[in-house]
Amino acid sequence: VMYYNIALLPKKTAECCGYPISIFFIVVNEFCERFSYYGMRAVLVLYFRYFLLWDDDLATSIYHAFVALCYLTPILGAIIADSWLGKFKTIIYLSIVYAIGQVTMAISTIHDITDANRDGTPDNFTFHIALSMLGLILIALGTGGIKPCVAAFGGDQFQEHQSRQLNTFFSVFYLCINAGSLLSTLITPVLRVVFIAGSGMYVKTDPEGNIMWSVCKCIGFAIKNRFRHRSSSYPKREHWMDWANEKYDKLLIAQIKMVLKVLFLYIPLPMFWTLFDQKGSRWTLQATTMSGDFVSILISTVNPILILTLVPIMDRLIFPLIQKCGLNFSPLKRMTVGMLFAAMAFVSAALVQIEIDKTLPNFPSSSESQLKVVNTYSRTLNVTISPNEHLLIESFGVQLHTSKHTYSTISRMFVNGYTADLNITNLDSIEPSATTNYTLVNQGKRDFVLRHGEQWCEFSRKFGFGASYTFLIPSTVFSDDCESITEVEDMKPNSVHMALQIPQYFLITTGEVMFSVTGLQFSYSQAPKNMKSVLQAGWLCTNAVGNIIVLIVAELGKLPKQWAEYLLFASLLVAVSIIFSIMAYFYTYIDPAEIEAQVRKEQGLEPEEMEKETLEMEEKDEDQKNEQGVKQTKI
């Protein structure tokens, strides 16, 4: 057999500061994509809670179902990129799907579409729910589909002499993710066109065949073949994947062994994401039961701010300092410490929740109810409630409280004690001796104008965050210029300050830097060249499984106290961290390129020829192959 060796020189790419110029386009694209995603996700659970009027558990469940879908679709993106379009076109086309989803989601929030009577409330919630779910599905397909491609596509731009820059790239890449999150309210998603502008500079690798499908078939054959030869009369093989030797190439089997070795290590990892992604659901809802003005803006941006601060500090100061001290702080050890930091964050969240619970009113249970009695008479009244409970209510006074309200804003109700209809700012006309429904207003000072014909008066009140008020309007309201309006504070404002959440955000972000950034780099470094998208998809799937765990706990757990749920998650993560540290202790780091070269050498083939053989080899019938006694390949 004669082999013709053709030297394939890598494409010379323009560089800046040692980095391929094309990297800057990829980094900017990632910034814009994350801006678009996090800008929407930051308010998603509040949209569910206060626009679609879902309860906390349903809002949390749908939120995490969406996030889980975003991290399951990378499998689809990896298949499309590797077997059909290639990474570049996959990113472009799925970004279009992504943009359509964002537009659809935005349209679903316009209540005027179905608000025929213009009362501020949609008349057809089914329409808005259906449209928002369609938008979320398209967004999940878009953002999830490009996830495994962008990081791997960025890694493809580097050449062998740029190994140091390649390691730094993943830290910069993660910085851009969080910079996009931080500035998501300032810049528009349309900047994603920057990615297309760098098209001529990219190193674009052609699709290499459906590697995901080849991996699945090879694994399936190995399992089936091992089961057929389960008798003790057959000699054991070094690895169970070696049972695929009869049909599949040794290089492909060696690559799958490397991938499976890392995927096995991923098994405990979803628990980290179970805790981490709750900062967008449970922690957001926790913040709505707290007080704070400008701090609420700080809380929403503290995670990306800390990321932008901690990544360079860890990369340039902490990790090198630990290394100089002679400590082996390997990537897997960093990830273990990151998981423990996340567990501490949830302990901190539990302590904050305990303080919040001390300030919350006691609501009636499912077997109880409450009654509010309002006295609009000019004198004190003695009210008897059957069988023999007596209430002494002063003129324009209130006894008891009736309803559970939402905490994030302020609810207020007006009781009309005037002798005629009244018009109040932003409310319908109120008949005499009637009440308005509880309505929500933003905190701070608010002005109200009362009108009856030509008579009018204005009054102002400052509302506390999370409070509930009832305003009693007497018959003399216009004669004393609204001074006689009585304010009843049904529920006190939130008193636990949002600043108490900062420690838990600091701890979870420190854990994220050690866990997520390191894991992203680890996944790329331990993957064979043609399976980097596959392993990136596997890494992202751990996030999906983590969100599914939250979904299950939110729907089935139903723990009576939220702080108990926080402690449950923290305890589970500590237990998982111990398991992961044991698994990491026995893990041996590998150089995929070295292993692949060794397999090629054993088969006596040149690198380019062997790679083509792996990608283009056609499967042959096993019986026919046994008769021929040779492995037929197409080179």
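Yeah, the Cβs are placed from backbone N, Cα and C, and that goes for glycine too.
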Suppose you had to name the range TrEMBL annotates as transmembrane segment; which of 91-113, 505-527 would you pick?
91-113
Residues outside the transmembrane segment (125-146) whose C-beta sits under 8 Å from one of its C-beta atoms, at least 6 past its ends, are 33, 37, 40, 47, 51-53, 66, 69-74, 76-77, 80, 90-91, 94-109, 111, 113-114, 540
Pairs 6 or more apart in sequence, C-beta under 8 angstroms, 3 or more of them: is that satisfied by the transmembrane segment (534-554) and the transmembrane segment (91-113)?
no
Within the same chain, the residues 6 or more beyond the ends of the transmembrane segment (91-113) and with Cβ under 8 Å of it are 29, 33, 36, 40, 47, 51, 77, 80, 85, 120-122, 127-128, 131-132, 134-143, 145-146, 149-150, 153, 189, 192, 195-196
Outside the transmembrane segment (335-354), at least 6 residues beyond either end, the same-chain residues with a Cβ under 8 Å of its Cβ set are 269, 271-272, 275-276, 282-283, 286, 496, 500-501, 503-505, 507-508, 510-516, 518-519, 522, 561-564, 566-567, 569-571, 573-574, 576-577, 580-581, 584
The transmembrane segment (258-276): which same-chain residues, six or more beyond its ends, come within Cβ distance under 8 Å?
71, 215, 219, 241, 332, 335, 338-339, 342-343, 345-346, 508, 511-512, 515-516, 519, 522-523, 526-528, 531, 534-535, 538-539, 541-547, 549-550, 569-570, 572-573, 576-577, 579-580, 583-584, 587, 590, 592, 595
